[in-house]
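Inspection log for the structure reproduced underneath, given as structure tokens.
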Amino acid sequence: WFDSCNDNQRNYILRGLLDRCKVPQMHMLSMVMAPILHKTCPFNCEDMLAWLPTHIAHKILVYLDPVSLCQCSLVNRSWYRMANDPKLWIRLCNQPQWIPSEYANVKRYAQGWNNDQQNVPWKMIFGERYRLYRNWMKGYCSIRKFEGHSQGISCVKFDESRIITSSYDKKVKVWDIRTNSPWSAMTLTGHTGTVRCMDLKENRLVTGSCDCTIKVWDLHMSQTWSSVVCRATLLGHQHTVRCLQMEGDFVISGSYDRTLRIWDIRTKTCMKILWGHTDCVLCLHYVDNLLASGSYDCTIKIWNMQTGICLNTLEGHERAVTCLKIANGQIISGSVDRNIMFWDFRTGECIRKLDWITSEGHTAPIRCLQADHWRIVSAADDKTIKVWCLKSGKRLATFVGHQDGVTHLQFNDRVIVSGSYDTSVRLWDFSVC
């Protein structure tokens, strides 16, 4: 009799039966009906993402982290196309933690690559950066060792082709970073005391020494020849020149004579003397007309470079302030008291402290630190190098290798170059693993 009914009658009968069905019957019906209904569906009828408009699917995928995005590309061809959309990878490449340090302050960095961004292999570019980040966090690196100094290393600087090292043996050595040779390419002599600090910009090197002088050198090095000329000697400090920074044709220096001086390299004259510290000046950093200096008097002073006026004095360290950097709108400082402190230079307040008890910090006096837009790298007399998250203060990695205290370091996205009291220089290369 059911076969003799029309569609309306059949629908009426089924509706009446469904009203009398319990959960077990409804479950059985769903199991029976599913394969029957899917016979007439397109192959991707269950793929909700593929059925969405492209711009909506894109807005969903931007919430994924890089690993999840790569996993999505393995689901099917449709997801592969969506997950490899260059716009997704451009967005990741432009996030602060993935921008190379040298481009961190360049606005709209990604657009500098190509007018047609669709042709740029953004996923591959991000993959390289992610690999570097992983190597930093896991400690995957190759280590090259440079030996040649007879006493401990006091300072290290490097660029794409050279490593410059100074030592308590009163010598400055230049090493070719592009070769595996452990021997220096040239040795600079001229200072009569230990060289305590250096700065390198292109082919100009500035050195400060225990002989109270600052020397300006021109360095030129190629695969076939090299030359070095001392262009100027700056006289004025009455004690060891402990720290310096070069900005164009100007040099800012700090000394054990408790002063900071600003020099004009072109005229070889001291333009300004900054007084205020009550003990030796040990470190300084200059950014955007703002100068910060740290001293054996346990304070940090902030100066206006144009007027020479001390704007603020930061107090909180219990012992000498040995190193500091201005980064991300704050001052980060390290001290003989083994603490790293973060300061709001506008208010003078300490906003965070990293110590060896609560933060897995250094267990001996901190000798040096450097920071970029997302990380801090510090080193200490405990023979370790530590990497920290600038935003959270979390310790990310610890590197061990030197046989004595680490005195100085410099880093970029690919390498750390460090020097130690053990007379060696080490290059930690994260790009080859």
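Residue positions begin at 1 at the first shown residue.
Even glycines carry a Cβ here, placed using N, Cα and C.
The domain 'F-box' annotation in TrEMBL covers 46-92. Under the heading repeat 'WD', TrEMBL lists 146-185, 188-227, 234-273, 274-313, 314-353, 359-398, 399-433.
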* Asked: Of the listed stretches 188-227, 359-398, 399-433, which one has the most C-beta pairs under 8 A with the repeat 'WD' (234-273)?
  -> 188-227
* Structure fact -> Relative to the repeat 'WD' (146-185), the stretch among 274-313, 359-398, 399-433 with the most Cβ pairs under 8 Å is 399-433
* Excluding the flanking five residues on each side, which residues at least 6 beyond the ends of the repeat 'WD' (188-227) place their CB within less than 8 Å of a CB in that stretch? -> 154-155, 157-159, 161-162, 164, 166-174, 176, 233-235, 237-246, 251, 253, 255, 263, 265
* Asked: Averaged over the repeat 'WD' (359-398), what pLDDT does the prediction give?
  -> 95
